[in-house]
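Taken straight from TrEMBL:
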type	residues	note
TRANSMEM	146-168	transmembrane segment
TRANSMEM	243-261	transmembrane segment
TRANSMEM	340-363	transmembrane segment
TRANSMEM	383-403	transmembrane segment
DOMAIN	463-574	domain 'TMC'
TRANSMEM	532-555	transmembrane segment
TRANSMEM	576-597	transmembrane segment
TRANSMEM	644-665	transmembrane segment
Amino acid sequence: SLSLDSSCFSSPPVNFLQELPSYRSIARKRTTIPSRDKQSDTLLKPTDSYSSQLEGGITENLNSQSIRKYALNISEKRRLRDIQETQMKYLSEWDQWKRYSSKSWKRFLEKAREMASHLELWREDIRSIEGKFGTGIQSYFSFLRFLVLLNLVIFLIIFLLVLLPILLTEYKITNSSFVLIPSKDKDIQCTIYPISSSGLIYFYSYIVDLLSGTGFLEETCLFYGHYTIDGVQFQNFTYDLPLAYLLSTIAYLTLSLLWIVKRSVEGFKINLIRSEEHFQSYCNKIFAGWDFCITNRSMADLKHSSLRYELRADLEEERIRQKIAERTSEETIKIYSLRLFLNCIVLAVLGACFYAIYTATIFSQEHMKKEIDKMVFGENLLILYLPSIVITLANFITPMIFARIIQYEDYSPGFEIRLTILRCVFMRLATICVLVFTLGSKITSCDNYSCELCGYNQKLYPCWETQVGQEMYKLMIFDLIIILAVTLFVDFPRKLLVTYCPSSKLIQCWGQQEFAIPDNVLGIVYGQTICWIGAFFSPLLPAIATLKFIIIFYVKEMSLIYTCRPSPRQFRASNSNFFFLLVLLIGLCLAIIPLTISMARIPSSKGCGPFTNFNTTWDVVPKTVSTFPSSLQSLVHGITSEAFAVPFFMIICLIMFYFIALAGAHKRVVVQLREQLSLESRDKRYLIQKLTEAQREMRNRLD
């Protein structure tokens, strides 16, 4: 190594540093844009020492920041710790106590987080999956764990608000009694609710009841009709069960919304920051695209092929962008006409699926009231599960049709995947809404007599909430049966054929089943949407969903390890988490729509449930408000009036515009930081060039 002194440079240090590309760029911007000089009077000089600035900033923030957070070596951290201890001597005893207590509290929180991480559900299993198959597949199982915890919390909310007071009274644990619903001016015909017929019970009727939620299950706390009481009278107060039932529904929907939004914000921030230029995208894939969690050789090869696929996809997107730029007006009209025609085909497929679900639901509802002894075992189950079977077939067939159609629309590979997934999301979630709205149309329509007496079709649906809950229960059970059946009777034999029949070209072309992350995510989001809709009509459905997702976790883990192979189109963990939560948020919004309509528009059943004395479920809220003191009633009426709503809406709009402007400012800062990184790389090249020239001159002088 050669030692250099300042004499090696022909110019003074300040003039030399002013030759840096970053300094010249800043000076050029300040000369070309003089208006910006008014905002900041001083120009950052290149002679400013970065280390001195860092040290000054650290010493100023020693009181609020931990030294461990700074990227410094051990000697610097020890020196800063000595400075911190020296500063402590000049503080008062009260300030010293606050400093020590703050440190102790932070240390306690760190230990608590470390202990909580060891209690995390499926921690070792998910880490093993991450090490063998990468972060993309690991994010799917983490998402599945999140849904297990979400459904468990939803069940606890419903259990504490609805089930616990009833169980305490029913089993005489507390000194309480049931408050029966007072009989008001109701027609006796509307209160008739025949639950089950007595007499000879066939041996297979219990299996039918277990799979469909009818018979003995209909009388349990699994369904809405079991809660036909007005409240629970404790020693000092009366527990209002109708209000608690409604509040539990609002609480679990609100909790789900806030939890999903909170988890999706971080993924949105990462995706916002990663909206880089295409050149930066190539560099990130080449220099920072490797997943260092992978420890398996086959998964390393798969990651190599995935990176090659991503680069090919980026190059293909660049080619399509150039093709679009060079496209003539005649070609543009032709491709848009083709896309319009293909989208009409997509809408026709969706319409046919929705009509099939509507027809199957109508047929099932009209024939499910036959006596069980008039039909055989298989026929009865087929009638009961006909809507579920049609929905499952639609969810299985339509993705293949959409994948075939998208090939002729001439989109980029990335947009093809997103559009196909969007169509499949709409298909899966809209089928549930079609089923619920079909049931709603049957509930509120009468064939041969008027519905004005009860407000709904009491003859066919004496307790329509329970029957809607039974439909959601059947969808949940049938979805679990399909997942287990496909894994055991399709994926496992397929793996055996591929392994033990290597000479068959047809079987080898068929290959192993791919573990496609988007398809599996759509499946569990479909199940979660069923749970959100059905939890109002079947309060124990979240507990069933929790058990279902636990079973799915172990089944999918075994399937991934032994029968499936990972898809070559892998997802990054950050992109996957944001995509999963976005789809889940869409499912939640679609679940809120039918729930809101059923609670606010459809009359509640008069023969079962806690809302028999209310026209609709929402009527319990005005009744509760009427029991408040007059001042509180005036406050509630004022908050819900137009005089409050209009200014509140304007304030919300102003806040929204403020955050939009703030987001724009942050995005500009990100752009400036990227420019600064680019300038720093140019500075490094410039300094290396100067250093090389100086070393060459030194060698020439020595020679």
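Quick reminder: no glycine exception, Cβ is built from N, Cα and C everywhere.
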Stretch-level contact, the transmembrane segment (243-261) and the transmembrane segment (644-665), CB cutoff 8 A, at least 3 pairs:
no
Taking the transmembrane segment (532-555) as reference, which of 146-168, 340-363, 576-597 has the most Cβ pairs under 8 angstroms?
146-168
What parts of the chain pack near the transmembrane segment (576-597), using Cβ distances under 8 Å and only residues at least 6 beyond its ends?
135-136, 139-140, 142-143, 249, 253, 256-257, 260-261, 263-264, 266-268, 270-271, 421, 425, 429-430, 432-433, 436-437, 440, 517-518, 521-522, 525-526, 528-529, 532-533, 536
Give residue numbers and ranges for long-range contacts of the transmembrane segment (146-168): same chain, 6 or more residues beyond its ends, CB-CB under 8 A.
121, 174, 176, 178, 221, 227, 229, 232, 239, 241, 244-245, 247-248, 251-252, 255-256, 259, 263, 524, 528, 531, 535, 539-540, 542-543, 545-546, 549-550, 553
May I have the DSSP-based helix, strand and coil counts for the residues of the domain 'TMC' (463-574)?
86 helix, 6 strand, 20 coil
